[in-house]
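S.K.: What Swiss-Prot records for this protein is below:
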type     : residues                                            : note
ACT_SITE : Lys60                                               : active site, proton donor
BINDING  : Asp9, Lys31, 58-67, Thr121, Arg180, Gln190, 210-211 : substrate binding site
Amino acid sequence: MAELVVALDFPAADVAVDMAGRLRGTAPWMKVGLELFCAAGPDVVRAVADLGFRVFLDLKFHDIPNTVRGAVRSAVRSGADMVNIHLMGGERMARAAVEGLHEGAQTTGSVPLLFGVTVLTSTAQGELPGISTDIGEYAASLAASGAAWGLNGVVCSGYEVESIKKRCGASFLCLTPGIRPGGGAGGDDQRRVMTPAQAVSAGSDYLVVGRPVTGAADPAAAARAIMAEMAAVRR
(Lines of atoms letter the chains of each structure in order from A; the text may use other names.)
(Lines give C-alpha, C1' and ligand atoms only; values in the text may rest on other atoms or scores of the structure.)
Protein backbone atom coordinates (compact mmCIF):
# COMPACT_ATOMS: atom_id res chain seq x y z
CA MET A 1 0.00 0.00 0.00
CA ALA A 2 1.32 3.45 -0.92
CA GLU A 3 2.51 5.67 1.93
CA LEU A 4 2.29 9.43 2.42
CA VAL A 5 5.42 11.51 2.98
CA VAL A 6 4.82 15.06 4.24
CA ALA A 7 7.45 17.61 3.21
CA LEU A 8 8.56 19.84 6.08
CA ASP A 9 9.71 22.67 3.83
CA PHE A 10 10.36 25.29 6.49
CA PRO A 11 13.29 27.63 7.20
CA ALA A 12 13.61 26.81 10.91
CA ALA A 13 13.61 23.70 13.09
CA ASP A 14 11.07 24.92 15.64
CA VAL A 15 8.43 25.53 12.98
CA ALA A 16 9.12 22.19 11.30
CA VAL A 17 9.08 20.18 14.51
CA ASP A 18 5.88 21.93 15.62
CA MET A 19 4.23 20.97 12.31
CA ALA A 20 5.43 17.39 12.67
CA GLY A 21 3.93 17.31 16.14
CA ARG A 22 0.58 18.45 14.76
CA LEU A 23 0.72 15.59 12.25
CA ARG A 24 1.34 12.77 14.71
CA GLY A 25 -1.03 9.90 14.06
CA THR A 26 -1.41 10.72 10.37
CA ALA A 27 1.34 10.17 7.78
CA PRO A 28 4.12 7.71 8.66
CA TRP A 29 6.86 9.73 6.94
CA MET A 30 8.22 13.29 7.13
CA LYS A 31 10.64 14.77 4.61
CA VAL A 32 13.55 17.02 5.61
CA GLY A 33 14.85 18.90 2.60
CA LEU A 34 17.69 21.25 1.75
CA GLU A 35 16.29 24.46 3.25
CA LEU A 36 15.47 22.93 6.62
CA PHE A 37 18.63 20.83 6.82
CA CYS A 38 20.88 23.78 5.98
CA ALA A 39 19.16 25.82 8.69
CA ALA A 40 19.02 23.18 11.40
CA GLY A 41 21.44 20.36 10.57
CA PRO A 42 21.21 16.72 11.64
CA ASP A 43 19.50 17.58 14.93
CA VAL A 44 16.23 18.23 13.13
CA VAL A 45 16.28 14.71 11.67
CA ARG A 46 16.59 13.29 15.17
CA ALA A 47 13.90 15.61 16.54
CA VAL A 48 11.38 14.53 13.90
CA ALA A 49 12.31 10.87 14.34
CA ASP A 50 11.81 11.21 18.09
CA LEU A 51 8.17 12.10 17.41
CA GLY A 52 7.68 8.64 15.93
CA PHE A 53 8.09 9.41 12.23
CA ARG A 54 10.31 7.81 9.65
CA VAL A 55 12.45 10.48 8.01
CA PHE A 56 13.24 10.96 4.33
CA LEU A 57 16.38 13.12 4.16
CA ASP A 58 15.99 14.72 0.75
CA LEU A 59 19.41 16.23 -0.04
CA LYS A 60 19.86 14.82 -3.58
CA PHE A 61 23.59 14.19 -3.31
CA HIS A 62 25.53 14.77 -6.54
CA ASP A 63 29.32 15.01 -6.18
CA ILE A 64 32.46 12.95 -6.64
CA PRO A 65 32.08 9.35 -5.44
CA ASN A 66 34.13 9.63 -2.25
CA THR A 67 32.29 12.76 -1.13
CA VAL A 68 28.89 11.16 -1.74
CA ARG A 69 29.95 8.01 0.08
CA GLY A 70 30.82 10.04 3.18
CA ALA A 71 27.73 12.22 2.92
CA VAL A 72 25.41 9.22 2.71
CA ARG A 73 27.21 7.57 5.62
CA SER A 74 26.69 10.70 7.73
CA ALA A 75 23.06 10.99 6.63
CA VAL A 76 22.38 7.45 7.80
CA ARG A 77 24.06 8.11 11.13
CA SER A 78 21.84 11.16 11.62
CA GLY A 79 18.84 8.82 11.79
CA ALA A 80 17.46 9.10 8.26
CA ASP A 81 15.35 6.17 7.05
CA MET A 82 15.56 7.19 3.40
CA VAL A 83 18.17 9.18 1.47
CA ASN A 84 18.63 10.07 -2.17
CA ILE A 85 21.20 10.88 -4.84
CA HIS A 86 21.07 12.28 -8.37
CA LEU A 87 21.32 9.41 -10.86
CA MET A 88 23.02 11.70 -13.35
CA GLY A 89 26.07 11.41 -11.08
CA GLY A 90 26.75 8.07 -12.73
CA GLU A 91 27.58 4.52 -11.72
CA ARG A 92 30.69 5.09 -9.61
CA MET A 93 28.94 7.74 -7.55
CA ALA A 94 25.84 5.57 -7.11
CA ARG A 95 27.82 2.53 -6.02
CA ALA A 96 29.80 4.70 -3.60
CA ALA A 97 26.48 5.87 -2.13
CA VAL A 98 25.45 2.24 -1.58
CA GLU A 99 28.73 1.64 0.24
CA GLY A 100 28.16 4.70 2.43
CA LEU A 101 24.65 3.49 3.17
CA HIS A 102 25.90 0.20 4.58
CA GLU A 103 28.77 1.84 6.44
CA GLY A 104 26.34 4.15 8.21
CA ALA A 105 24.07 1.24 9.00
CA GLN A 106 26.87 -0.41 10.97
CA THR A 107 26.30 2.35 13.54
CA THR A 108 22.50 2.47 13.46
CA GLY A 109 21.78 -1.22 12.94
CA SER A 110 19.27 -0.47 10.17
CA VAL A 111 19.84 0.02 6.44
CA PRO A 112 17.77 2.92 5.05
CA LEU A 113 16.24 3.06 1.60
CA LEU A 114 18.37 4.65 -1.13
CA PHE A 115 16.56 6.40 -3.97
CA GLY A 116 17.87 7.97 -7.15
CA VAL A 117 16.46 11.19 -8.59
CA THR A 118 15.56 10.82 -12.26
CA VAL A 119 14.07 14.09 -13.59
CA LEU A 120 12.73 16.74 -11.24
CA THR A 121 8.94 17.13 -11.34
CA SER A 122 9.49 20.87 -11.83
CA THR A 123 11.04 20.10 -15.23
CA ALA A 124 8.94 20.04 -18.39
CA GLN A 125 9.70 18.45 -21.76
CA GLY A 126 12.39 20.44 -23.58
CA GLU A 127 13.89 22.01 -20.45
CA LEU A 128 16.79 19.56 -20.00
CA PRO A 129 19.85 21.13 -21.69
CA GLY A 130 21.23 19.01 -24.51
CA ILE A 131 18.68 16.21 -24.06
CA SER A 132 16.09 15.77 -26.81
CA THR A 133 14.86 12.35 -25.65
CA ASP A 134 11.29 12.11 -24.38
CA ILE A 135 11.42 12.97 -20.70
CA GLY A 136 9.59 9.79 -19.71
CA GLU A 137 11.98 7.58 -21.66
CA TYR A 138 14.94 9.42 -20.18
CA ALA A 139 13.63 8.94 -16.63
CA ALA A 140 12.98 5.24 -17.24
CA SER A 141 16.49 4.79 -18.62
CA LEU A 142 18.00 6.44 -15.54
CA ALA A 143 15.82 4.26 -13.32
CA ALA A 144 17.04 1.09 -15.02
CA SER A 145 20.60 2.19 -14.35
CA GLY A 146 19.76 2.88 -10.71
CA ALA A 147 18.29 -0.60 -10.32
CA ALA A 148 21.44 -2.14 -11.80
CA TRP A 149 23.61 -0.09 -9.44
CA GLY A 150 21.90 -1.37 -6.30
CA LEU A 151 19.39 1.35 -5.42
CA ASN A 152 16.01 0.56 -3.86
CA GLY A 153 14.05 2.88 -6.11
CA VAL A 154 13.76 6.24 -7.79
CA VAL A 155 12.18 9.64 -7.39
CA CYS A 156 10.01 10.27 -10.44
CA SER A 157 6.74 11.83 -11.52
CA GLY A 158 3.65 9.66 -11.63
CA TYR A 159 3.75 9.74 -15.41
CA GLU A 160 6.90 7.59 -15.51
CA VAL A 161 5.97 5.01 -12.88
CA GLU A 162 4.37 2.44 -15.17
CA SER A 163 7.27 2.33 -17.61
CA ILE A 164 9.80 2.23 -14.76
CA LYS A 165 8.02 -0.69 -13.09
CA LYS A 166 7.94 -2.54 -16.41
CA ARG A 167 11.68 -2.11 -16.89
CA CYS A 168 12.84 -2.56 -13.29
CA GLY A 169 10.22 -4.85 -11.75
CA ALA A 170 7.28 -4.29 -9.45
CA SER A 171 9.45 -4.39 -6.31
CA PHE A 172 11.57 -1.45 -7.51
CA LEU A 173 10.14 1.48 -5.57
CA CYS A 174 8.83 4.75 -7.00
CA LEU A 175 8.58 7.88 -4.86
CA THR A 176 6.50 10.61 -6.45
CA PRO A 177 6.58 14.35 -5.66
CA GLY A 178 4.35 16.85 -7.42
CA ILE A 179 1.21 15.48 -5.78
CA ARG A 180 -1.66 17.93 -5.81
CA PRO A 181 -5.14 17.11 -4.46
CA GLY A 182 -7.55 18.21 -7.15
CA GLY A 183 -4.79 18.09 -9.76
CA GLY A 184 -3.94 21.79 -9.75
CA ALA A 185 -0.38 23.06 -9.88
CA GLY A 186 -1.20 25.20 -6.88
CA GLY A 187 0.63 28.27 -8.15
CA ASP A 188 4.03 26.74 -7.35
CA ASP A 189 6.93 25.48 -9.46
CA GLN A 190 5.79 21.89 -9.98
CA ARG A 191 5.03 20.98 -13.59
CA ARG A 192 4.34 17.24 -13.91
CA VAL A 193 1.68 16.84 -11.24
CA MET A 194 -0.92 14.19 -10.35
CA THR A 195 -3.64 13.76 -7.78
CA PRO A 196 -3.01 11.24 -4.98
CA ALA A 197 -5.46 8.79 -6.56
CA GLN A 198 -3.84 9.11 -9.98
CA ALA A 199 -0.36 8.50 -8.58
CA VAL A 200 -1.42 5.45 -6.57
CA SER A 201 -3.27 4.07 -9.60
CA ALA A 202 -0.11 4.54 -11.65
CA GLY A 203 1.80 2.41 -9.15
CA SER A 204 3.66 4.94 -6.98
CA ASP A 205 4.82 3.52 -3.64
CA TYR A 206 5.41 6.81 -1.81
CA LEU A 207 3.69 10.15 -2.39
CA VAL A 208 5.38 13.38 -1.29
CA VAL A 209 3.03 16.23 -0.39
CA GLY A 210 4.08 19.53 1.13
CA ARG A 211 2.07 22.72 0.91
CA PRO A 212 -1.37 21.12 0.42
CA VAL A 213 -0.88 19.63 3.91
CA THR A 214 1.36 22.05 5.79
CA GLY A 215 -0.40 25.11 4.37
CA ALA A 216 -3.89 23.84 5.20
CA ALA A 217 -5.99 25.34 7.99
CA ASP A 218 -6.04 21.87 9.57
CA PRO A 219 -2.89 20.01 8.44
CA ALA A 220 -3.83 16.75 10.17
CA ALA A 221 -7.24 16.71 8.50
CA ALA A 222 -5.63 17.46 5.13
CA ALA A 223 -3.17 14.59 5.59
CA ARG A 224 -5.95 12.20 6.58
CA ALA A 225 -8.01 13.20 3.55
CA ILE A 226 -5.09 12.46 1.23
CA MET A 227 -4.45 9.13 2.93
CA ALA A 228 -8.12 8.22 2.57
CA GLU A 229 -7.98 9.05 -1.14
CA MET A 230 -4.88 6.86 -1.47
CA ALA A 231 -6.44 3.97 0.43
CA ALA A 232 -9.56 4.02 -1.74
CA VAL A 233 -7.56 3.11 -4.85
CA ARG A 234 -7.39 -0.55 -5.79
CA ARG A 235 -4.50 -1.58 -7.97
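Here, residue 1 is simply the first one shown, and the rest follow in order.
Just so you know, glycine gets a Cβ as well, placed from its N, Cα and C.
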S.K.: Please give me the CB contact count at 10 A for Leu59 (substrate binding site), counting all chains in the structure.
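M.R.: Cβ-Cβ neighbours of Leu59 (substrate binding site) within 10 Å number 17.
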S.K.: Taking the Cβ of His62 (substrate binding site) as the reference point, list residues of the same chain whose Cβ is under 8 angstroms away and which are at least six residues distant in sequence.
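M.R.: Result: Val68, Ile85, His86, Met88, Gly89, Met93.
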S.K.: Using a Cβ cut-off under 8 Å and a sequence separation of 6 or more, which residues in the same chain sit near Gly210 (substrate binding site)?
M.R.: Val6, Ala7, Leu8, Asp9, Lys31
S.K.: Looking only at Cβ atoms, how many others are within 10 Å of the one on Pro65 (substrate binding site)?
M.R.: 18
S.K.: Using a 10 Å radius around its CB, how many other CB atoms surround the residue listed as 'active site, proton donor'?
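M.R.: Neighbour count, Cβ to Cβ under the 10 Å cut-off: 17.
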